[in-house]
Amino acid sequence: MSSATHTLPVSGMTCASCAGRVERALLKVPGVAAANVNLANEQVRVEGDDLGVATLIEAVEKAGYGVPLQNIELNIEGMTCASCVGRVERALLKVPGVRSAAVNLASERAHVEVIGTPDPAALIQAVEAAGYKASAGDQQRPEEDAERRLQRERWAVIAGLLLAAPLVLPMFGELFGQHWMLPAWIQFLLATPVQFLLGARFYVAGWKAVRAGAGNMDLLVAIGTSAGYGLSLYQWWATPAGQMPHLYFEASAVVIALVLLGKYLESRAKRQTSAAIRALEALRPDRATRVVGGREEDVAIAALRLDDLVLVKPGERFPVDGEVVEGESQADEALISGESLPVNKAPGDRITGGAINGEGRLLVRTTALGGETVLARIIRLVEDAQAAKAPIQKLVDKVSQVFVPAVLVIAVFTLIGWLLTGAPVEVALINAVAVLVIACPCALGLATPAAIMAGTGVAARHG
C-alpha cells in the first residue's frame, strides 16, 4: 500500500462543529489515517493509504458540504485520432488532484477539473510524458472567484441593513414617547425578502446539517428567526382589526442582517490572512528568457527544464532557482532573509527564484523547478503551518461538537420554563429565540485558526 496525503478545499463550513463533522466523515473512509480541517482557510488535509480522491469527495458531500473545483484549459498539439484523446485524458487523470479531464480533438483543447489550485506545470508534464505537446490556456483564478463571493456577501449585507433599518429606527421614538411604528403590512414587506432571500443560505446550510444528523450555527439562525417571523405572522392574524399587533419582524430581520455582516467580516479576514501566500505566489514570474545555442527565446516557466540556461536582465525577477554561469550583479533576496540589502552575485553563486536582479545581466543554469524551488517550499511551509492545529484548537473542536445540540436543549428548557411561570406564549418564545440567535459558535471555532494564519502570514511577509 502507498501512503498519500491530499489537501481538499471544503465549502459550506461555518463553525467548528462543521469542521468536526467533516473530519469524522473522512475518518470513516477505509484507509484514512488522519483528517485535519482548517476552518480559517476552508481546507482539510487527509492522510492514509491508497486514498481515492473521488471517495474522499463523496464522503465530504455526504456530510453535507462541497468540494469546489477549479477549471483549467490546456492547448494540446500532436493528436491525430480518438486514441490520442484517450491517451491524453488518462495521462491527465493520473495527476494528483485531477477530478476529470475532457479532451476535444477538433479544437485541440483539454478541459481539466482540479481540486484546489491548478498546477499547469504538472498537467503539461503529464501530457508531454504521454508523447504530446501542451501549453496553458485560460484558467479560472481562485482569488478572483473569492473576490466575487466577497462582493456578493457585501451587497447582501448592504441590502439586509437597508431593509432592516426602517423596522428598527422607529423603535427609538418610543424613548421619547413617540409612536412611529410602521403598519404591519409594511413591516411584512420589508422583513420577508430578508428572511427568505437574504436568509436562504441559512435554510440550505441548516437543512444539510439536519440531513447529516448534526447541527450548526446556520440551523440556530434558521430556527430562531423563523420562530420570530412566524410569531409575527400569527400575532398579525390574531389581532383584531384596528389594533396594532405586537410584531417581531424587526428582530428576525436584524438578526439575519447582523449575522450576514459577521460572515462578511469573517470572509474578509480570511482573505486578508491568506494575502501573504498570494503575495509570495505573485513573486513567481510567468515567463522566462531561455538561451539555446546562443539564441534567446521567450518561454513559459512550465516549459523550462533542469540545466536550461536562463537570461535574467536588470530589474527582472529570477524565474527559477539556479546557479550563476556568467555575469555579475546584485540580488534582492528579502523574501528569504528579510534583509533588504542586495547580495552580490557572481559565477558559481546560488540564485533563489523570485528574487529581484540588480543592474547586471546574469546567465543562470536552472537547478530547481516547480515545487522544488525555495519559494515553492516557503509557500508550502506557510500553508502547512496554517493548516496545523494548535493544542488549544483541539479542545475548542471538542467543545464545538456538542455546542449546537446543547444550545437547542437550553432553548427548549427556556421556552418551557417561561411557560411554567405563566408568561404569555410570545414572551416565552421570544426568550427561547434569543438563546438560539445569540449562541453563535463561529468565534469559538475560528479564533484559534485565524490567529495561526495571521501569525504565519506576518512571518511570511517579513521573510
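Note that Cβ sites are derived from N, Cα and C of the backbone, with glycine treated the same way.
Note that the coordinates shown come from a computational prediction; the quantities given were computed from them, not determined experimentally.
TrEMBL assigns the feature transmembrane segment to one of the listed ranges (26-44, 216-234), namely 216-234. Sequence-distant contacts of the transmembrane segment (155-172) (same chain, at least 6 residues past either end, Cβ-Cβ under 8 Å): 180-182, 186-187, 190-191, 193-194, 198, 249-250, 253-254, 256-257, 260-261, 264. Here the domain 'HMA' (4-68) has, by DSSP, the following mix of helix, strand and coil residues: 22 helix, 22 strand, 21 coil.
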